[in-house]
Amino acid sequence: MTLRCENLAFAELAEQFGTPLYVYSQAALTDAYRAYTQAFAALNPLICYAVKANGNLSILRHFAALGCGFDIVSGGELARVLAAGGEAGKTIFSGVGKSEAEMAFALQSGVKCFNVESLPELDRLNAVAGRLGLSAPVSLRINPDVDAQTHPYISTGLKANKFGIAMQDAEAAYLHAAALPHLNVVGIDCHIGSQLTNLAPLSEACERLLMLIDKLSAAGMVLEHIDLGGGVGIVYQDESVPDLHAYAEAVQRLLGGRKLSLILEPGRSLVGNAGTLLTRVEFVKKNGDKSFVIVDAAMNDLMRPALYQAYHHIENVSPAAGEPFVADIVGPICETGDFLAQNRAIAACAGDLLAVRSAGAYAASMASNYNTRPRAAEVLVDGDRAKLIRPRETVDQLLAAEAACLHDD
Ligand SMILES: *Cc1c(COP(=O)(O)O)cnc(C)c1O
């Protein structure tokens, strides 16, 4: 069987563009976005794609063309959205440590809302808006203290995390915000974690936010929107993941007759399974009983296995090369943590092409130049067309800025 992305064989893409190579299916991006708009149709939500999952300009442009908004966590990500043709008016600015310069840029660009996470951040935003003669639309990120039941590094909705405002401090924070002259309090938000495989924590968080909304409205503070964050998981291995229709039904039931518009901030579930990382086998090596498949992609291209012990499915694209054996699939980087898979059954020979699945989210966007490795090229496939959306970096590019600063004395 020939493994492909849409109508193009992985083998030919690797031939044409080299490896390591990120390959994304445009149809899969569209389908993932439509899955949300269709499931939630009755609530007509604003879907704000979380740019940090994959910020490639062509991917942002594709989502913008579908009508998608954006969730950003830095001024750099806002610049990406604007460069891609996204609308600031559909962009939510999240993040726990926004600088004054980032706030000013976002205010002047006209973002839809600032998701604020602390009292000092409210004060800073008020001061920056006042200086610019603008009013800042704000939502408060509430930490609903529910256990998202995911990996601790991507769990964000517990009291022990740095994120959000604790439930018991929320009313006081809203009163504080309402009293600041250059803020316009419009919403409430949460984001309890990533790669959630259960629906219960998501609906529990929604329920807790709604209780707070009711308390606030009884006190005369009426909010326009509720933003439930991102976090629906995807299938990497054999996880069961929340059904979007069930999620939508739960939210609709909880919202009841309240006049609130809905915002969602999915990242991983819009891009994760649209992407594959292609990598070539350099060597097969045996150390005593242990086997290693050494490939040309590494933790700098896909950090998730090293960072979270994450599982990625890996297939041999080349015609089956003998019997499978158990090996660690590792990159060339000088770190023991540099692996794409451990104790994996795989048939592979030097020269074979491997497809690392589910590499659309938190892969290219987390890539680095560690070991002075140029970042891999990215290709977006649309039917039988392959569009290069990021050329492979060159070593000259990596050295240029420092070479220009070399001093002779
Ligand atoms: C990372 C993040 C998201 C996206 O999370 P996914 O799990 O990729 O859907 C959404 N909102 C905020 C505030 C985030 O930090």
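In case you wondered, yes, glycine gets a Cβ from its N, Cα and C as well.
Matching G231, G322, G331 to the pyridoxal 5'-phosphate binding residues that TrEMBL gives (E265, P266, G267, R268, Y362) identifies G231. Across all of the domain 'Orn/DAP/Arg decarboxylase 2 C-terminal' (22-360), the predicted model scores a mean pLDDT of 96. Its Cβ taken as reference, G267 (pyridoxal 5'-phosphate binding site) is surrounded by 24 other Cβ atoms within 10 Å in the chains shown. Across the residues annotated as binding substrate (R268, R304, Y308, E335, Y362), the widest Cα-Cα separation comes to 27 Å.
Listed recorded positions near R268 (pyridoxal 5'-phosphate binding site): none (candidates R304, C334, E335; Cα-Cα distance within 10 Å).
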